[in-house]
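Asker: Here it is, the structure, as structure tokens.
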């Protein structure tokens, strides 16, 4: 089993959550330990080399099959690139989880690091 940190369309209440994560164990809400930059250009994405804000999201425990399905959705490794990062859960616990990064910035900067702020 692996942990995956989701910050956009895979979060609960967004369009990709049910098809991909409805049977996965919810671990908790949290944010990245390090700062990154979130942009939206139709869909949200995070850029690793810009240090703007902590990215807000949710952690799920997923099996290998689910992780491969998410890799396919995200176009890993050709479109998004998956990397393990430290996540601080709202409980205060720190865990390592996969996060999908995009290689370049374009679109609208989400300064808060929370896609829900952008979506209203």
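Quick reminder: no glycine exception, Cβ is built from N, Cα and C everywhere.
Below are the features I grabbed from Swiss-Prot:
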| type | residues | note |
| --- | --- | --- |
| ACT_SITE | 74 | active site, proton acceptor |
| BINDING | 7, 8, 9, 10 | substrate binding site |
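Help me picture these features in the structure, burial and contacts included.
Answerer: For residue 74 (active site, proton acceptor), other Cβ atoms within 10 Å of its Cβ number 22. DSSP assigns residue 74 (active site, proton acceptor) to a helix.
Proximity of residue 10 (substrate binding site) to non-local residues of its own chain (separation of 6 or more, Cβ distance below 8 Å) is seen for 16, 17, 20, 21, 70, given in sequence order.
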Asker: Can you tell me the CA-to-CA distance separating residue 7 (substrate binding site) and residue 74 (active site, proton acceptor), as a whole number of Å?
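Answerer: Distance between the two Cα atoms comes out at 12 Å.
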Asker: Tell me the Cβ contacts of residue 8 (substrate binding site) under 8 Å, same chain only and six or more apart in sequence, or just say none.
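Answerer: Those within reach of residue 8 (substrate binding site), by Cβ under 8 Å and sequence separation of 6 or more, are 14, 43, 44, 45, 57, 115.
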Asker: Taking just the CA atoms, what is the gap between residue 74 (active site, proton acceptor) and residue 9 (substrate binding site) in Å?
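Answerer: The separation of the Cα atoms works out to 11 Å.
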Asker: For residue 9 (substrate binding site), what residues in its own chain, 6 or more apart in sequence, show a Cβ-Cβ distance under 8 Å?
Answerer: 15, 16, 17, 43, 44
